[in-house]
Amino acid sequence: MKHFIEISQLSSEQIESLLQRALYFKHTKQYPSYSQSIIANLFYENSTRTRISFELAERHLAMSVVNLDLETSSETKGEAIEDTIRTLAAMGIQYFVIRHKQDGLQQNLANKLGDTVHIINAGDGTHAHPSQAILDMVTIVEQKKQLDKLKIAILGNIKHSRVANSFQCICSKLGVGELVLISPEIWQPSQVHFGRVTDNLNEGLEGADVVICLRVQKERLLQDDHLDLDFYRNNFALTQKSLSYAKPDAMVMHPGPMNRGVEIDSEVADGNQSCILQQVTNGVYARMAILESLIAS
């Protein structure tokens, strides 16, 4: 594996290998050392979970880590990201974890610079978030063994969600039994990679084994899509009542950050079925597996 850009570029065997390797790291705490590998984290969008878990993963693997401070870098002088990477590569940095608001940027960088560096996509616009898909699936397979028997529901702004895009793809690759995308009509995607779409919350959650709740982007909700916040809250929020339509042992997940009282109630987020902090924990090990796969190849 030269780069880690999209789930669609991986085989099901590669994905399964990453899942098993992540769980191995989690349960054995036996980590290889890659002290000769240098990695830079370039986050052009704000991040807490992804940025810190990538850095922890890198340090667990004994990599040399460079965190680029964009506010004090030449980016403030108008330097193109392509030139920034070329400059850092000339200093000996081989691996680049990049988050950016532009769809497809990491793939473009890999196409231009791929002979000399390794690009890891930490999220590009509304397009893809592949490491989130890996960690989410690690969390699911840790508790639910037979993916082909599962019904998984994703709830929220599917149309603008890079998390939903990557998760659809990984479900398709691994043969998940059923995937339901629950969203108000204005947030439904024009094209679905895998699964079916509904605007009926209770029907979509009926019998679900896993429920993934997406963050409501309140700034987009109010300004761009003209969807009333109270309407969303009343019809699509994950509450104790709506969760009751899922199976009693259904897993509740959320990629974070959460808007408590908007897309998810605190009673659900902090309840016995919540696996949200387990996702955060697994994010470190999933990203360790991704990095190791790149280095080993």
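Cβ atoms here come from the backbone N, Cα and C positions, even for glycine.
Binding site for carbamoyl phosphate per Swiss-Prot: Arg49, Thr50, His129, Gln132, Gly256, Pro257, plus Arg99 from the candidate set Arg21, Arg86, Arg99. In the structure as shown, the Cβ atom of Arg99 (carbamoyl phosphate binding site) sits within 10 Å of 23 other Cβ atoms. The binding-site residues close to Arg215 (L-aspartate binding site), defined as a CA atom within 10 A of its CA, are Gly256 out of Arg49, Thr50, His129, Gln132, Gly256. Taking Cα separation as the measure, Arg162 (L-aspartate binding site) is nearest to His129 of the binding-site residues Thr50, His129, Gly256.
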